[in-house]
Every structure is written in structure tokens, then in C-alpha cells.
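Everything on this sheet refers to the single structure shown next.
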Amino acid sequence: MTGNSKDSPSKNEDVKIVVKSSLTIPQSGSKSFMDDFRFIFMPFFLVGIEVQDTEDCASVRRSSRVCKKNSIRYFVRCCLANFIFVIFTLKILAKAYNATIGEEIRNQFPILIIGILKVTLYISIYRKRRHILKIMENLNQELKMFPKHNLRKEKYSLIAFFTFTSLFCVVWYVMDFHFGFGRKKNQQYIVGVLLRKPFISCFVEINDFLFDFVGIIVVSSFTVFYMLVCILSRIIFQRIRDNLGLVRVLEDFQKLATFHEHILNILGYFDKNLSFSSFITILLTMIGIFRCGYSVAFIEDNSTLLNAYMLSSMFLYMLFQLLLMISGSITNEDANGTSNVLKKRYNKDFKSPKLEVDFSQNSLTLWRIYILDRSLIIASFGTLLTFGILLATLGK
């Protein structure tokens, strides 16, 4: 569908109105909209992912102060990105070596897989950072159709969740610092005699800590961003359903149908570019849940505090998985429900050879493989339970 609608024809004209729309990227920015939710995008910048666009001083006349600020911001972002890629490389190499020659392969191999998934998630979001900005700009343009709607409730709800997640992560990392740096058994896998020297061992431990810190920031920030897109989409769907009851003429119905197609195409664009990232996030959290649950249930020599750390890690992974999957499934239900309501109203009151409406639906998916719905949530936990029982049986 295109966002342009033709004028309603006169009775003497035999013209078929086709409501089509395609995703168009508006040229005007959405600075105020991005500023309202900058708390979501600031953590991305801290790990070298610049979501908010900076204007080119060569193409736009800007003051020297603004250009200097943009240059510094770009330089900092490049340094952070390169620094993080170095951290990722060292971490993956160390874990690959540990998984290859270490004695506790059952413990090191899942950690290696989780590390690879974190790197993959970071790279996928880094490559799609401009698409994140475009999605927010398009949602901003659609929300301008409802000037009376206030996003304060959604904003403060996300701030509260983001604050809770951040505080929980701080507690989690204090425990991770204690158990990760205090366990001497991890040092026996480090390469060579030189790495047993204090300063090199300390460097490896700091690198491990930074890697985990970056990983949790990327996972949590992407989950909150995914929730934001779903919340804004559901707001628009609700407004469409509310306004549908006020429609009395064909032209008004045509505008609502076009508006509905716009938001569906935004969701399709969002899913096309970020469904892989959501798939990696779900896979990463499921492996994390399984590893922590297995450690608590079947490793008998764990201390009580270590089990508490594993349980808190499992809760954190489960929180991210449920929030992402529930947000996506509810949004799909709202999209399908709005399409069905429009279709029923069209067939009842506005069906005409002069008006052709496309009611095709775009659903949020996991890498274009699984459509997010409630049954998938149950199936994911059923899969974890099945593998847990299988490995426990084989272990015995």
C-alpha cells in the first residue's frame, strides 16, 4: 500500500480506488520523540552503537560548535566500537581454548556458545543501527496523527522497568565479580606459564568482566527497544479501532485503512531487519536458562551462594525472554484483531468496486522462522524441560 490516497470520485466517474501503501522513510527527523526515549538509546552509545543520527557538517550549514560536538561524538563511538571488538575477540579466543583443552568441557562449552551469541547479537544490532532510527522516525510520523495522545504513561513505565533491570544487573554483577574473579579453578585453563603472572591474569579477568558487562547491556537495551516498538504499535492499533466506530463515509474508512497499512508495513520493516536479532536474543536466553538450571539441579559441589548466583542469572535470562516474546505475541494479536475488525466493517458497510483494500497481515517473527504467539512461549519452556530430562537421564 502507498501512503497517498486518491480523492473520492464523483458518482459519474467509474474509478476504482486502490488503497496501497509502502514504507517511506520521512526526511524530517524526530528529535523530540527520540529525546523522550533517549534513556533506551544511551546504553547503545556506551557500547559503540550510535542510533541517533548526526548531520553532516559538509552538507548542512551548522555552527562550528555543533560540528565539533558531532565530530567528537563520532570519534568516541568509533573508539568504543573498536575497543569492544577487541574485548570480544580476546574473550572468544580464551573461551575457545578453555573449551578445547579444559577438563570441565560441559561447563566451558555452553559459556563459549553464549559468548558467540552475544558477539553475534552485538554485530547484528550494530549493522542495523540506522534501521532502528528509521523505525522510530516512522512511528513518530504515525503517532502525529493522534496529537492528543500522551506517551507519558508508556515512557515512565519503561523507565521504571529499565531502572529495575539496571539495579538487578548491578546486584547480578556484584555476585558475578565475586564468583567469577574468586574461583581459582578458572585460572588453570589459561594458556601458558606467562598468563599465570598476576598482571596478565588480572587483565584476563577484567576482559571477562567487560565482555559480560557489554553483553548484558546489549541484551537488555535491545529487549527494551523491542518492547517500545511493540507498545507504540499497539497504541496505534487501538486508536484505529477506536476511530473506526466514528467512520460514516467511504473516504474516512479509506484513510483508516491506509493508516493501518502504514503501521503494518512499519512492523514488516522492523521484522525484516531485526527478526534475526530477536532470534539470537531468545536463543541466548534459552541457553542461559538451561545452563543455570542444570548447574543448580545436577552439580552437587556448588556452594549455596553460587546456586543463588545461578538462580538470579536464570531469572534475568527468563525475564528478557518472556518480555520479548510476550510483547511480540500481543502485538501480533492486536495487528490481527485490527485487520479483522477493518475487514468486517469493510464487508458490512463499505464494500464497493471502487474501493479495494489489501488486508494482508505482517507478523513479528523470530528470524522469519517462528511467528511470535503464546503457544511458542509454552513450547520454548517445554523444549528446555525436555532437554533437561534427556541430559539428566543420559548423565545417570
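For all residues, glycine too, the Cβ spot is worked out from N, Cα and C.
It should be emphasised that the depicted structure is a prediction, and the values quoted were computed from it without experimental measurement.
Marked as transmembrane segment by TrEMBL: 74-97, 109-126, 156-175, 213-237, 279-299, 305-326, 376-395.
Segment contact is absent for the transmembrane segment (376-395) and the transmembrane segment (156-175), given fewer than three CB pairs below 8 angstroms at sequence separation of 6 or more.
Below 8 A, the CB atoms of the transmembrane segment (109-126) and the transmembrane segment (74-97) form 3+ pairs separated by six or more positions in the chain. Counting Cβ pairs closer than 8 Å and at least 6 residues apart in sequence, the transmembrane segment (305-326) and the transmembrane segment (74-97) reach fewer than three and form no contact. Through the fold, the transmembrane segment (213-237) approaches residues 37, 40-41, 43-44, 46-47, 49, 84, 87-88, 115, 118, 121-122, 125, 132, 135, 139, 142-143, 146, 149, 151, 154, 158, 161-162, 165-166, 169, 172-173, 259-260, 263, 266-267, 270, 274, 277-278, 281, 284-285, 316, 320, 323-324, 327-328, 330-331, 334-335, 337-338, 364 of its own chain, all at least 6 residues removed from its boundaries and within a Cβ separation under 8 Å.
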